[in-house]
Amino acid sequence: MLVLGLETSCDETGVALYDSERGLLADALFSQIDLHRVFGGVVPELASRDHVKRMLPLIRQVLDEAGCVATEIDAIAYTAGPGLVGALLVGASCAQALAFAWDIPAIGVHHMEGHLLAPMLEENPPEFPFVALLVSGGHTQLVRVDGIGQYELLGESLDDAAGEAFDKTAKLIGLNYPGGPEIARLAEQGVPGRFVFPRPMTDRPGLEFSFSGLKTFALNTWQQCKNAGDDSEQTRCDLSLAFQQAVVETLTIKCKRALKQTGLKRLVIAGGVSANKALRASLEDMLGSIKGNVYYARPQFCTDNGAMIAYAGCQRLLAGQQQDLAISVQARWPMEQLPPL
């Protein structure tokens, strides 16, 4: 089955072609970072308009790269949520229109299920069951995964997601959008130990997260430095390192608890923050200490992309899942509501 995947949940337009027998044939992405940077964050209306502009050229691009024609496509998968409603509607409308014109099925895919399954595109994919850490700008969740659609939420953030905390903290100390990569870059030059941040909710049982306090701690620390006349680049580096260490150690502690609670030794990390090198290194060390394994997608598939949507949609279509031509998207969509395969 040859599936065209469309991703438009936020500020990246992703298109890919995935074949159930040959694997990923082509993948293209247009990022709107430059468009939104001047505003310090994503402007939903601008995101939607840019998706409209980029979608059809990217579809033509992946068809050319794969050496395919439209008549060879068996189905279309598109992101139906969660995300920005206007942006989601661009992908959904395009998918359903093409599906109607080409007389093929279209299926809406859960954005975070796409992220969760992205490591399945790698040469050494994880086997079920496993624990997944979904960590992005909008989500921080620990999930037990027994199969596609078989999800048990173990814990999640009570306030800011980890990626959101990265971006907000970066903005507070004067870094460019998107803030996560900027903090990671500066952290490489930071002096360990100059600042010590708390590890929120690690001193009590449970698998919930809270990152809003770290953002406040960073702001107060930065203001103290500025009041003392020290708002140098090195101070930004030191603060970035301390903040990143706090987030990474908190995530690692909770992942270790989740593995112990479930009795599993396979961990998948997915979502934009899973590209963070410090987080990967910390989780690899932790899994090594318990003789377990950690899995993640290549960096280009950690952020939003069409390949993960094409793959997830293909699995559900092969299992016989069907959908009518109604255009329906959801800004919020608990993953536990998905039907199991």
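Backbone N, Cα and C define each Cβ position, glycine as well.
Database features (Swiss-Prot):
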type    : residues                                                       : note
BINDING : His111, His115, Asp304                                         : Fe cation binding site
BINDING : Leu134, Val135, Ser136, Gly137, Gly138, Asp167, Gly180, Asn276 : substrate binding site
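Of all the Cβ atoms in the protein chains shown, 25 others lie within 10 Å of the Cβ of Asp167 (substrate binding site). Taking the centre of the Cβ atoms of His111, His115, Asp304 as the Fe cation site, the nearby residues of that chain (Cβ within 8 Å, site residues left out) are Glu7, Ser9, Thr79, Met112, Gly114, Ser136, Gly271, Asn305, Met308, Ile309. In space, Asp304 is the closest of the binding-site residues His111, His115, Asp304 to Asp167 (substrate binding site), judged by Cα positions. Look at Gly138 (substrate binding site): DSSP puts it in coil. Residue with the densest Cβ environment among the binding-site residues Leu134, Val135: Val135, by other Cβ atoms within 10 Å. Around the Cβ of Gly137 (substrate binding site), 25 further Cβ atoms fall within 10 Å across all displayed protein chains. Separating the Cα atoms of Ser136 (substrate binding site) and His115 (Fe cation binding site) is a whole-number distance of 10 Å. Cβ neighbour density within 10 Å is lowest for Gly138 among the binding-site residues Gly138, Gly180.
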